[in-house]
Amino acid sequence: MPDRMRPTVDCARRLTLRGLIGEDADYAGAEPERAVGEPSLDSRSARAGDVFFALSGAKTDGLVHARDAIGRGAVAVVAEAERPGWLDPAISYVRVGNARRAVALAAARAFPHQPGTIAAVTGTSGKTSVAAFTRQIWQGLGFKAASLGTLGVVAPSGAVYGTLTTPDPIELHRTLHTLADEGVTHLCLEASSHGLDQHRLDGVRLKAGGFTNLSRDHLDYHPSMEAYLDAKMRLFRDLVPRGGGAAVWVDTTEGSHVAQMAAEHELNVLGIGVAGAGIALLSRADEGLGQRLEIEVARARYTLKLPLVGAFQACNALVAAGLAILAGAPAREVLPQLETLEGVPGRLELVGTRDGAGVFVDYAHKPDALANALDALRPYASGRLIVVFGCGGDRDRGKRPIMGAIAAAKADVVIVTDDNPRGEDPGSIRAAILASAAGAREIGDRAEAIAAAIGMAEAGDVVLIAGKGHETGQIIGDRTLPFSDRDVAVGLLGR
């Protein structure tokens with residue numbers, strides 16, 4: 001997979017090959033004291049003096065691209081396999097036990113600057129909101145803060161860039177280096193299960209980790225739910241150092257398990273939720289397009305107006321508060337900041353109304369997220385709750401009937417449409433959803449489906465357009481066509 005065009009970042013120091021890779025490597029076929037440039041994962045962006053890391057995947061052998069990297073000036077190759085016979089003797093070859101971890105640690109050495117306070121959050125849902133809310137809390141306290149995740153990097157400078165939840169380790173450490181040099185002192189980043197499993201966050205100096213929830217997702221990548229949870233556990237088992245913090249929503253079996261494991265690894269656990277001993281949620285009540293929370297922290301009680309819709313947003317906001325507290329801010333200063341939080345684009349976002357019917361856009365593309373969004377909007381629907389959604393192609397097929405059943409049970413009107421069919425037949429994806437969604441309508445064209453939902457809405461109804469949220473493309477085959485749920489809805493509402 002190609003890296004993006006890399007920006008120029010001046011490293012703090014020039015490194016030797018050994019200085020870049022470290023001692024846990026076999027240098028028998030290398031010149032360990034030779035001066036080298038930066039680590040590289042993409043042969044097409046390799047430059048003179050670079051060290052190419054040949055990562056093998058399920059379908060590719062990284063050494064296939066080593067020739068190209070060398071042709072562009074790379075002077076060394078790092079891999080897990082034995083030295084290939086075709087490699088020029090002048091090229092240093094270093095063997096390591098885990099090439100993914102090795103490149104992450106090399107990137108941390110090549111780009112050594114990091115914000116002084118970094119927190120990471122994992123969980124099936126809520127990561128993007130928690131990262132954004134933590135940034136907002138820190139900014140409200142006067143810190144120069146940034147967030148990094150699905151929405152990209154949101155920096156104090158106003159810059160927003162990047163798209164992967166957890167970037168590759170070289171891009172990640174280059175970004176941390178740049179943010180630190182720009183004066184960012186506090187950063188909250190999303191830790192995806194893919195990123196954790198592939199060691200992308202190794203070398204990041206974390207103060208605390210957060211956990212929101214766990215439900216079915218990414219089973220096209222992880223072989224089981226147990227493996228999925230274990231990947232997320234790496235944040236607390238391997239990355240947050242002993243004495244660091246763990247902000248954990250404990251009102252689920254998985255959350256309690258994470259809290260117990262984090263405590264066993266000598267982390268300072270802040271249990272959050274109705275069953276939380278660190279931040280106890282005593283009561284929650286919907287109030288208009290917001291909710292009133294009564295919480296207790298260290299025997300002090302607080303009553304707060306959270307300007308966000310949905311019980312799940314209370315979870316996200318409190319986990320964000322927990323991360324800020326564990327990172328060193330006093331609870332009495334952190335908690336009032338929750339009253340000023342702004343929702344994340346595409347997360348239960350009210351984009352407009354039509355004849356008294358509210359229209360919301362949400363990123364919900366997995367079972368629990370769809371259920372949470374529908375549950376959050378039900379109190380606002382004095383009439384019908386209408387949902388438009390689909391499922392992605394070339395992804396976990398097992399969740400399709402589950403999501404169909406959830407929609408049929410929780411919404412009054414269900415319209416099944418396309419959502420990034422990729423290489424699959426869109427009709428077969430819709431059929432798998434419809435099999436468990438009795439009475440649902442099928443409209444393959446997503447724009448037409450959205451138009452139908454808004455067109456039928458009457459006063460008191462609520463329309464939820466689920467699946468894409470902030471995204472601006474529809475992936476069909478190997479092409480990404482421009483498409484925004486928000487833009488389509490706003491255009492229809494403006495007519």
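Start at 1 and count along the chain as shown; that gives each residue its number.
The backbone N, Cα and C atoms fix where each Cβ goes, glycine too.
Unlike curated records, TrEMBL annotations are generated automatically.
Given the structure is predicted, the values throughout are model-derived calculations rather than measurements.
Within the same chain, residues 1-3, 5-6, 17, 20-21, 25, 29-30, 34-35, 91-100, 102-103, 106, 168, 170 sit at least 6 positions outside the domain 'Mur ligase N-terminal catalytic' (41-83) and bring their C-beta atoms closer than 8 Å to a C-beta of that stretch. Taken from TrEMBL, the feature domain 'Mur ligase N-terminal catalytic' applies to 41-83.
Look at TrEMBL and you will find 121-324 tagged as domain 'Mur ligase central'. In the predicted model, residues of the domain 'Mur ligase central' (121-324) average a pLDDT of 91.
The ATP binding site annotation in TrEMBL covers G123, T124, S125, G126, K127, T128, S129. Around T124 (ATP binding site), a 10 Å sphere centred on its CB holds 21 further CB atoms from the protein chains shown.
Under DSSP, K232 (N6-carboxylysine) is assigned to a helix (H, G or I) in the three-state scheme. The number of other Cβ atoms within 10 Å of the Cβ belonging to K232 (N6-carboxylysine), over all protein chains shown, comes to 23. Here TrEMBL flags K232 as N6-carboxylysine.
As annotated by TrEMBL, domain 'Mur ligase C-terminal' applies to 346-469. Residue counts for the domain 'Mur ligase C-terminal' (346-469) by DSSP state, with H, G and I taken as helix and E and B as strand, are 46 helix, 29 strand, 49 coil.
Here R422 (meso-2,6-diaminopimelate binding site) comes close to G392, G393, D394, R395, I475, I476, G477: these same-chain residues lie at least six apart in sequence, with C-beta atoms under 8 angstroms from its C-beta. For R395, D419, N420, P421, R422, G467, E471, the entry in TrEMBL reads meso-2,6-diaminopimelate binding site.
The motif 'Meso-diaminopimelate recognition motif' annotation in TrEMBL covers 419-422. A Cβ distance under 8 Å defines the sequence-distant neighbours of the motif 'Meso-diaminopimelate recognition motif' (419-422), meaning residues of its chain 6+ beyond its ends; these are 365, 389-395, 429, 446, 467-468, 474-477.
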### Query
Between K127 (ATP binding site) and D419 (meso-2,6-diaminopimelate binding site), what is the CA-CA distance rounded to a whole number of Å?
21
### Message
Take the mean position of the Cβ atoms of G123, T124, S125, G126, K127, T128, S129, the recorded ATP site. Which other residues of that chain put their Cβ within 8 Å of it?
### Response
V121, V130, E190, T212, N213, N316
### Task
Starting from the Cβ centroid of R395, D419, N420, P421, R422, G467, E471, which together make up the recorded meso-2,6-diaminopimelate site, report each further residue of the same chain whose Cβ lies within 8 Å of that point, ordered by sequence.
H365, G390, C391, G392, G393, D418, K468, Q474, I475
#### Entry: Least surrounded among the binding-site residues, given as G123, G126, P421, G467, when other CB atoms within 10 Å are counted
P421
### Message
If you count other C-beta atoms within 10 angstroms, which of the binding-site residues D419, E471 is the most crowded?
### Response
D419
### Query
What does DSSP say about S129 (ATP binding site): helix, strand or coil?
helix
### Message
Please give me the CB contact count at 10 A for R395 (meso-2,6-diaminopimelate binding site), counting all chains in the structure.
### Response
21
### Query
So how many of the residues in the domain 'Mur ligase N-terminal catalytic' (41-83) end up helix, strand or coil by DSSP?
13 helix, 7 strand, 23 coil
